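The following features are taken from TrEMBL:
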type     : residues : note
COMPBIAS : 504-513  : compositional bias 'Basic and acidic residues'
DOMAIN   : 32-146   : domain 'Cation/H+ exchanger transmembrane'
REGION   : 490-524  : region 'Disordered'
TRANSMEM : 12-28    : transmembrane segment
TRANSMEM : 35-53    : transmembrane segment
TRANSMEM : 65-83    : transmembrane segment
TRANSMEM : 95-116   : transmembrane segment
TRANSMEM : 128-149  : transmembrane segment
TRANSMEM : 208-231  : transmembrane segment
TRANSMEM : 251-270  : transmembrane segment
TRANSMEM : 336-352  : transmembrane segment
TRANSMEM : 397-413  : transmembrane segment
TRANSMEM : 425-445  : transmembrane segment
TRANSMEM : 582-605  : transmembrane segment
């Protein structure tokens, strides 16, 4: 007789608990989004209240199921982040992202040694484990906070219009949108305030933020794999350090290989297959005049074939196949599944982008060709299909369950012991400052760029020759951005004409003319450098605050460090690196940073708005 689950009608109490949990979880998220731009905070707190930490209204089996379902939502939000990433901006700013990521990893570990080991007297391995848990940035929390801020701002400004004189006015519903244009010659015409600017995720500062968080997560997974090995070595010295090097190298090596091989496969295999005789566009774009959908015979069988829903279904199949393949590859190579989800999104975005027509004229100079290319991009957009098909389920069910599951894992009642409380708050403040320092590379980037440009030509050539490829790429990026920077008229370069005659002092008469010209150019460059540095303050604040959020990776590392890589009921429970008090102090820091980060992102974006993505950070 086959085994099967006996079907029983759920009790009314269970149904009411489940329904109230799912409904109120969305209610508190919406209220928190409206008040603080941080629905994540309310979802985590609601998970603490409904879950085991406080009331225990949800059975433990339900919490385990919700944790698995919520992690699926986390994978999907990271996948969506890959779909919405501006790939050229990501590659051109990779050196800056690496600097920001290393800053966000090194400072928490260093400050943890300074406070926990030197200040509180914890063992060095405890300080390292706590610092490692706080060195990672929650990519899912960061992306969810960006989405929350973007949607809130879009909803606020959706029907707001502005006159050229910056006077807001409401639009009559009878006025067609076609009559309002951005470039109207009429001075009294109303123009919409929704500029065709990229979202926070697609801007330069947003791309640097996401890539830095990805690097933090990859290194966090390396540390997570290292901690059980350190715990086993500490508990059994006879094992030695065999395999420790491979434990450290394997996640890093596999991450690099996945990125390199993924780029090669996407460029030379997937993209040619997708665009072979227009096969991919035929299935992934709706039917229109002159373009059938799918198999031609099916299209001729009736007009019901080839709608947007059919094209979305095919793109959904591509998303499932690509995401599943990358998740499996990263899991079996020892890398984070979240990293695989992000790479899968990048691959689909690159593969589905229409090629620029190779004609005798440039597409940018022909309006019809440009409009046709943009229309094809919208039809083939995997990101828009994801938003239509998976977006509602993700926003109202999967993601709320993920953040509630973080609340399930927080030992809330144990956090209020007096010593743990004040040490945890002090440690939390220090860990917030450590991640806020990630904004410093953003703040000093314009000055660094100007310094590299001010070097003599021979010195720059020498650096490009003897330096690594990264230094050469960074120099080229800085030169490109320097040319693109919009300098005010008074700060433009001097024309190549003779220097007007002036009364020089005796010292100036002995100076070489080129030295005088160089010094004057340096004097003129200084106000521009200061202006660019001051303009980078909102972007630097946004970068630092957005990196404060910790989450799933931090909880995972802390739990591994507490148990030594074994379960809670294992006999090897005492072999962990973190003691109970140090574990609770680290949990305090993870919890407060996870709460402060999204709120800080909302405050910064609400305070500065477009200034966050202004200038070179657009």
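Just so it is clear, glycine is given a Cβ too, placed from its N, Cα and C backbone atoms.
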Checklist entry - So which residues does the transmembrane segment (12-28) touch in its own chain, when a touch means Cβ under 8 Å and the partner is 6 or more beyond its ends? => result 39, 42-43, 45-46, 50, 57-58, 62, 396-397, 400-401, 404
Item to check | Residues of the parent chain within Cβ reach of the transmembrane segment (65-83), under 8 Å, 6 or more residues beyond its termini | outcome: 58, 139-140, 143-144, 147, 201, 210, 319, 323, 327, 337-338, 341-346, 348-349, 382-383, 386, 390, 394, 397-405, 408-409, 552
Item to check | Contact set, same chain, for the transmembrane segment (35-53): CB under 8 Å, 6 or more residues outside the stretch | outcome: 21, 24-25, 28-29, 60, 63, 141, 144-145, 148-149, 152, 400, 403-408, 410-413, 591, 594-595, 598-599, 601-603, 605-606
Checklist entry - Which range out of 128-149, 336-352, 397-413, 425-445, 582-605 gives the transmembrane segment (95-116) the most CB pairs under 8 Å? => result 425-445
Checklist entry - Other than its close neighbours in sequence, what residues sit by the transmembrane segment (128-149), given a CB gap under 8 Å and a spacing of at least six beyond its ends? => result 33, 37-40, 74, 77-78, 80-81, 104-106, 108-113, 116, 122, 200-201, 206, 209-210, 212-214, 216-217, 219-220, 223-224, 227, 338, 342, 399, 402-403, 427, 431, 434-435, 546-547, 549-555, 557-558, 561, 577-578, 582, 585-586, 589-590, 593-594, 597-598, 601-602, 605
Next on the checklist: Cβ under 8 Å, sequence separation of at least 6 from the ends of the transmembrane segment (425-445): give me the contacting residues as numbers and ranges.
Outcome noted: 96, 99-100, 103-104, 107-108, 111-112, 115-116, 130, 134, 137, 205, 208, 212, 533, 536-537, 539-545, 547-548, 585-586, 588-589, 591-593, 596, 617
